[in-house]
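> As annotated in TrEMBL:
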BINDING   Thr10, Gly11, Ser12, Ile13, Gly36, Asn38, Asn121, Glu123, Gly202  NADPH binding site
BINDING   Lys122, Ser148, Glu149, Ser173, His196, Ser209, Asn214, Lys215, Glu218  1-deoxy-D-xylulose 5-phosphate binding site
BINDING   Asp147, Glu149, Glu218  Mn(2+) binding site
DOMAIN    4-129  domain '1-deoxy-D-xylulose 5-phosphate reductoisomerase N-terminal'
DOMAIN    143-226  domain '1-deoxy-D-xylulose 5-phosphate reductoisomerase C-terminal'
DOMAIN    259-378  domain 'DXP reductoisomerase C-terminal'
Amino acid sequence: MRRLTILGATGSIGQNTIDLIRREPGAYEVVALTGGANIARLAEDARALGAAVAVTAYDDRLQDLRAALAGSGIEAAAGAEAIIEAARRPADWIMSAIVGSAGLAPGLAALEQGTTLALANKESLVCAGALVLETARRHGARILPVDSEHSAVFQAMAGEEITAVERIVITASGGAFRDWPLQRLARASVAEASNHPNWDMGQRITIDSASMFNKALEVIETREFFGVLPEQIEVLVHPESLIHALVGFNDGALMAHVGAPDMRHAIGYALHWPARRALPVPRLDLAAVGQMTFRAPDETRYPALRLARAVMQMGGLAGAAFNAAKERGLDGFIAGRIGFLDMACVVERVLDRFAAQGGHANAAMTLDNVLQTDHLARIWADEAMAEKAG
Ligand code: NAD
Ligand code: MG
């Protein structure tokens with residue numbers, strides 16, 4: 001039996017992962033499930049899957065979790081340290097599906113046991129790509145991409161040399177506001193931004209799709225994961241979300257990955273890799289689809305893409321500053337403190353300050369330095385938001 005752990009089990013990716021493993025009764029031994037405030041969901045899944053331990057991120061929810069697990073024999077734990085400890089428990093496959101830079105330290109702990117890490121948490125590659133890859137290399141761990149575009153690239157590249165790759169094209173649906181007039185965006189509400197046309201995902205990544213910050217993170221993720229140059233990465237707006245990515249080779253061939261927008265494909269591919277197994281995802285009827293459309297992204301509408309290029313130019317810890325400022329700006333938008341377009345202004349302000357203090361950018365990429373940059377960028381983002389509000 002394969003031993004398996006899911007970090008972020010109660011979220012959208014976590015639940016899709018659980019959906020897949022519940023279809024193969026007896027195939028997996030579940031070591032740990034971690035979650036946040038949704039104690040009922042966490043406890044119910046831990047019981048159904050017979051997990052050894054369930055962990056909530058919140059210390060003050062430990063009593064609730066214990067109560068929900070009473071009589072099951074499942075261990076309960078709480079707090080950030082307990083999540084890292086859960087990631088250290090021996091497992092053959094670990095899903096990294098915590099949202100935000102909070103997923104970095106648990107992901108590194110998982111890699112340190114030399115396991116296979118299915119990586120949905122793109123933020124860890126954006127914040128600390130070199131550190132994540134070096135940790136995997138040092139401990140003989142394997143990282144399999146779960147982000148749909150990166151899984152698509154990984155599949156399109158299978159059996160090819162990376163030196164034969166000329167360019168990587170990742171597609172973007174354009175999010176909730178792709179057809180809105182630019183003037184209307186400033187007043188876009190949280191509810192409007194939380195409604196994705198094609199994908200059913202967690203709220204944060206859905207809003208990031210509307211602002212294209214998700215695609216900005218993914219461009220950096222592509223650079224880090226596949227080791228290509230920034231100028232080899234293109235973003236293509238493709239409203240139907242049926243082609244997830246394309247890889248262009250040096251002979252001019254363009255290999256596309258086509259499939260229904262269902263995250264269980266990328267999750268299942270990482271779960272069964274290197275085998276391909278039957279998955280319960282919808283099959284595409286291209287005749288019924290009829291046509292697919294494409295357009296170039298408009299960088300005035302989506303400043304996030306321009307900022308991602310600046311981050312790759314800066315290198316080092318700039319990704320950590322970028323991601324933290326983005327996370328904080330998103331918190332501010334969700335809380336109603338700033339408008340939709342202000343998020344990019346806040347991130348740009350933080351990046352400017354970061355660039356002005358060249359020293360940070362050149363600091364070594366250790367977990368401590370990444371977390372320090374993350375912390376500082378959040379303070380700067382708060383200052384930028386206070387100015388906006390004032
Ligand atoms: P989500 O918000 O639905 O779930 C997040 C999970 O992380 C939950 O289990 C939550 O309890 C946990 N969590 C939140 N804050 C935490 C903290 N501080 N410490 C520990 N745990 C915490 O998010 P999601 O949509 O499932 O996304 C998870 C990750 O996968 C993100 O990095 C996202 O970018 C990436 N991703 C998601 C999708 C998707 O379809 N949802 C697609 C591609 C990539
Ligand atoms: Mg994606």
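Note: Cβ is positioned from N, Cα and C throughout, glycine not excepted.
Remember, it's a predicted structure, so these values are computed and weren't measured experimentally.
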> Identify which of the following binding-site residues, namely Thr10, Ser12, Gly36, Asn121, Glu149, Gly202, place a Cβ less than 6 Å away from any atom of ligand 2, and list them by sequence position.
Glu149
> Tell me the Cβ contacts of Asp147 (Mn(2+) binding site) under 8 Å, same chain only and six or more apart in sequence, or just say none.
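Residues satisfying the criterion: Leu119, Ala120, Lys122, Glu218, Glu221, Ala266.
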> Under 6 Å from ligand 1 by C-beta, which of these binding-site residues make it: Asn121, Lys122, Asn214? Sequence order, please.
Asn121, Lys122
> Rank the binding-site residues Thr10, Ser12, Asn121, Asn214 by the number of other Cβ atoms within 10 Å of each Cβ and report the first-ranked residue.
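By the 10 Å Cβ neighbour count, Asn121 comes out on top.
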> Around the C-beta of Lys122 (1-deoxy-D-xylulose 5-phosphate binding site), how many further C-beta atoms are within 10 angstroms, looking at every protein chain?
27
> Let me make sure I understand the span of the 1-deoxy-D-xylulose 5-phosphate site: among Lys122, Ser148, Glu149, Ser173, His196, Ser209, Asn214, Lys215, Glu218, what is the greatest distance between any two Cα atoms, in Å?
19
> Can you name the residues of this chain that are 6 or more positions from Gly202 (NADPH binding site) yet have a C-beta less than 8 Å from its C-beta?
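When sequence neighbours closer than 6 are ignored, Gly202 (NADPH binding site) has Gly11, Ser12, Ile13, Val99 within Cβ distance under 8 Å.
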> Across the domain '1-deoxy-D-xylulose 5-phosphate reductoisomerase C-terminal' (143-226), what is the average pLDDT of the model, as a whole number?
95
> List the helix, strand and coil residue totals of the domain '1-deoxy-D-xylulose 5-phosphate reductoisomerase N-terminal' (4-129) as derived from DSSP.
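In the domain '1-deoxy-D-xylulose 5-phosphate reductoisomerase N-terminal' (4-129), the DSSP-based counts are 62 helix, 28 strand, 36 coil.
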> Using DSSP, how many residues in the domain 'DXP reductoisomerase C-terminal' (259-378) fall into helix, strand and coil?
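Going by DSSP assignments, the domain 'DXP reductoisomerase C-terminal' (259-378) contains 74 helix, 1 strand, 45 coil.
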